[in-house]
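Asks: One structure coming up, written as structure tokens, with questions to follow.
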Amino acid sequence: MGSCGVIRRASTTKDEDDLFLEEPTPESSEDIKKLGKEDLTTKCLYMNRRPGKGESYEPTHFEHLANVGTHGIGIVPSLIAFYYIIDAAHRELQYTLMFVYGVFTTMLFLASTLYHFFEMLYRPVKQKQRLRYYLHICDRAVIYLFIAASYTPWLALRHCGYPGLNLKWMIWVFAILGILYQYNFHERYKSLETALYIFVAGLPSVAMFTMNDRTGLDLMMIGGLVYMFGVIFFKLDGVVPFAHAIWHVHVLLGAAVHTYAVYVSLIGPDANNPVPDVSRWPDGEL
Ligand SMILES: [Zn+2]
């Protein structure tokens, strides 16, 4: 969108704060013909131009707000869900797995909200670059931990044969490798980064098909598809207004569906995968 290039270039000047409200100046008469002045103003409020190679997208003020809001809204529900899944845990292994799931789900929304909040505050004025850089790494790194924490309860509480046995620990190795990748090559190879997320998130689903008990897997798959569909918007900054916030909404919905699946079909007494609850055995029977 060349029409918004004026704002982007001008954003390196001192009066950056005011530029989000400034009426854009069309670059050429062709732009005016194409969009009309009113459309142009609206577009520049809700979307800036697509970044060039090696550039990062410059969200508009409204996009910054939407980015903060769409994940900020997930923090309290994820804490409430955390309480319910812990409360419903039936034995020690379930309790541990729900703790891990709850911690990383809450961390996902918290890290994202913090990162986008500081971006909204300091990116327009080009300040706190180091803080924003590390918060961005945390935002991206937590996604790997969230993926591992999402799969682990399914792989650990259901019998899923050979692939599941290995994937149970491999997904955490992938998560650590993903974090190291983020730390060393943050934002350097953007398409590779997205491909890695899709690989790490998609591979463990192979084990799902080998499970002895498939209750709840339909919901798990729906949640996964919602995430995957959201990735399309993750790549559409500067093409679709609020693209990143739309991606956030997909993460929010995917996590909600997934947490519901965990709650209704994975925790509590499990007839298909009986594991003795030793804490309830009377003394002397051990
Ligand atoms: Zn985000």
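Including glycine, each Cβ sits where the backbone N, Cα and C put it.
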Asks: In TrEMBL, His244, His248 are given as binding Zn(2+), so which of His90, His116, His136 is in that site too?
Replies: His116
Asks: Provide the number of Cβ atoms within 10 Å of the Cβ of His248 (Zn(2+) binding site), excluding the reference atom itself.
Replies: 27
Asks: Is the transmembrane segment (195-211) close to the transmembrane segment (65-86), in the sense of at least 3 CB pairs under 8 angstroms with a sequence gap of 6 or more?
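Replies: The transmembrane segment (195-211) and the transmembrane segment (65-86): touching, no.
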Asks: For the binding-site residues listed here (His116, His244), which one has the lowest count of neighbouring CB atoms within 10 Å of its own CB?
Replies: His244
